[in-house]
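Per TrEMBL, domain 'NADH:quinone oxidoreductase/Mrp antiporter transmembrane' is recorded for C:128-420. TrEMBL lists C:6-23, C:30-48, C:68-95, C:107-124, C:130-150, C:162-182, C:202-229, C:241-260, C:272-296, C:341-359, C:371-389, C:409-430 (among others) with the feature transmembrane segment.
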Amino acid sequence: MEILMAFVVGILFMSATYLMLSRSVVRIILGTTILSHGVHLLLLTMGGLKGGAAPLVGENASSYTDPLPQALILTAIVIAFGVTALFLVVGYRSYKVLGTDNMEKLRGNEGND
Amino acid sequence: MKTSDLILQTATKLILFLIVLFSVYIFFAGHYTPGGGFVGGLLTSGAILLLLLAFDMKTVQTILPFNYLYMVALGLLFAIGTGAGALLFNTPFLTHAFGDIHVPVLGELHLHTATLFDLGVYLVVVGVTMSIIQTIGGDE
Amino acid sequence: MINFLILPILIPLITGVLLIFANKSIMLQRWIAGLSAFMTVVVAAMLVQKVKNDGVQTLNLSNWDAPFGITLVSDMLSALLVLTTSVVAFACIIYSFKGIGEEREKFHYYAAFNFLIVGVNGAFTTGDIFNLFVFFEVMLMSSYVLILLGGTKIQLRESIKYILVNVISSALFVISIAYLYSVVGTLNMAHISVRLSELSGISQPGIVTIIGVLFLIVFGLKGAIFPLYFWLPGSYYAPPVPVMAIFGALLTKVGVYSIIRTYSLFFFEEAGYIQQLLIVLAILTIVGGLIGAIAYWDVKKIVIYNIIVAVGLILFGIATMNQDALTGSVFYLIHDMIIKAALFLLVGLMAAIAGTSNLRSMGGMIKRYPGLGWTFFLAALALAGIPPLSGFVGKLLIVQGGFASEHYWGAAIVLMSSLFVLISIMKIFINGIWGKPRAFENEERVPYKKLLIAPVILVILSVCYGVGADFVYPYISQAAETLTNTNIYIDAVLKE
């Protein structure tokens, strides 16, 4: 299972890198989303994929899964959600103001003269 | 072309209350079982989002005239206030108090200040989600 | 009062929330922001004194014992940095009253500013590695808002890059935490330290070195070390002056602080490889920053590249890892936070008067603005480290430590860097402040005297910090002692 997860994480990272290297801002934002998914999956895998019961009161099981990675992932997901939303708004605003979503045209040289 | 969304609108009027009720249930269930302010808040914002899809932003603004940014701030105030309440008793920040209280009609009640904290989370989640949706969707 | 160490985080947090409600009245916002910033300074100063008298302060949030809950830890280093942050924030808020513009003030500028301080103070105080990530994110989110606020073209353009870089570095941060968690199974930094030293007793697992390098990349991106500082000059150039000052003074330093904290606690066992890497990177950072600082003719860019030089200097002190160099690093870290904020505010004022930040179209400001000229002169000397000003003691100790651990080349470059920093900053002085007075277009509209208050406060503080080094030294050496002898920190957290 861990091996499979490693491959999935690798594929997610690969696609994220590919998307983030493109020129369009929207693709870049999608890339960051996929990157964060890969990261969360990695965090889950790293916490151990033991098949215990859910760590809840009243589950009389002999072994429980580690709840900590899940709590961490929830936090990380919320943060990634907020950042992605903000990033989308910024991308949209800059498209309206600057008239392009091509990163090549967003090179800045002011103040360098 | 004006599209007819009669089915969606009628269905929304019914389903909306179910979702909101369910979100309230989830909110209170979060004390010892899965659920809580975060999920409850997301469900509620989902309900409002459905309303936004069925009707338009102006209508929804008149039905629910909230300033969502203030809602976020109010939620934060609840959460921080609950946490900072511990400072008055010289216990570490975010320490919660709980106890059983006998209320005449309702019987034994298990009260916990974590619920207040969760209410803050609920408000923050609804506020943040809705202000994001308004910012992205509000622009024609 | 066991909750004392959380107050520097709590006060800005509550202030930020109240400021959201108060967005209608600018005057009310200014009063709340100013008063709370002052209160934070007072509380932070009291915290430093408390740590001095009673040793490391810890607080287990929600009353969950360490290492299970989140622990906040204030040792001398964090307390001092929290105090410096509060002072710098106070000065920047005073400057903002006249320097940021009502347009931005209406759009929750002070609220975002306070949340930024929450993030920075929190990152300095927390004793939990994941909580450090959360406070980083609080800080970054507010910094996104601050860098965007106003929405000019250059701001939008640069903020896309800034956000992208930080999203990637945050992803890497979570990855390194995931690896670390799978190795040690805990998140409490003191506990991680204990577990790691148990591990290395058995065998020397290579994974720890990998985690160390990953952390170095993460914090290097935030703290702008070579070659990861590529994003910094562009991004810091975009926002208005007070925001630039707070970014330049604080954000990179949070990265540097995290390097100090994690390397003293986690990776001291891997000293060989990571230490060599750090020393090489530190020297390259210094050189890279110097090249930029000398090459540019833009006042803001010159100061921005000087941030990178300072990061390199501090990093060199950390990498040498002996008592002298660490004391020097901590001394220089605090000095740099104060003086960089002052310099940014000063060059911002110059740029506001001249209507441009290009040095070629400035000149002769000392005739009409003697206060500005001399304050800048003092700040420049302090930055370059002319005795008895504050930069001197830190650099002296870093160089001493470098020679003591036989890193002669590095120490020599640190010494040389002072000269080049002096050249770069004197370029501003000679071309901008000396010379033939020019008439500038909009200079009447700049509220010069009111804007000068904040940098003057900071420069006076910096001078006192240097002249009163004898008085400050016990505090600094206590901070460095916790870094070399981490058992003090660990025992305080785990209460063994």
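Glycine too: its Cβ is placed from the backbone N, Cα and C atoms.
Through the fold, the transmembrane segment (C:409-430) approaches residues 279, 282-283, 286-287, 290, 293-294, 299, 302, 305-306, 309, 312-313, 316, 320, 343, 347, 350, 359, 376-377, 380, 383-386, 391, 395, 398-399, 402-403 of its own chain, all at least 6 residues removed from its boundaries and within a Cβ separation under 8 Å.
With a threshold of 8 Å between CB atoms, the same-chain residues lying at least 6 positions outside the transmembrane segment (C:30-48) that come near it are 4-5, 7-8, 11-12, 14-15, 18-19, 22, 57, 74, 76, 79-80, 82-83, 85-87, 89-90, 93-94, 96-97, 105, 110, 113-114, 117, 121, 475. Each of C:107-124, C:202-229, C:272-296 was scored by its Cβ pairs under 8 Å to the transmembrane segment (C:6-23), and the highest score goes to C:107-124.
With Cβ pairs under 8 Å as the measure, the transmembrane segment (C:341-359) is packed most heavily against C:68-95, out of C:68-95, C:107-124, C:202-229.
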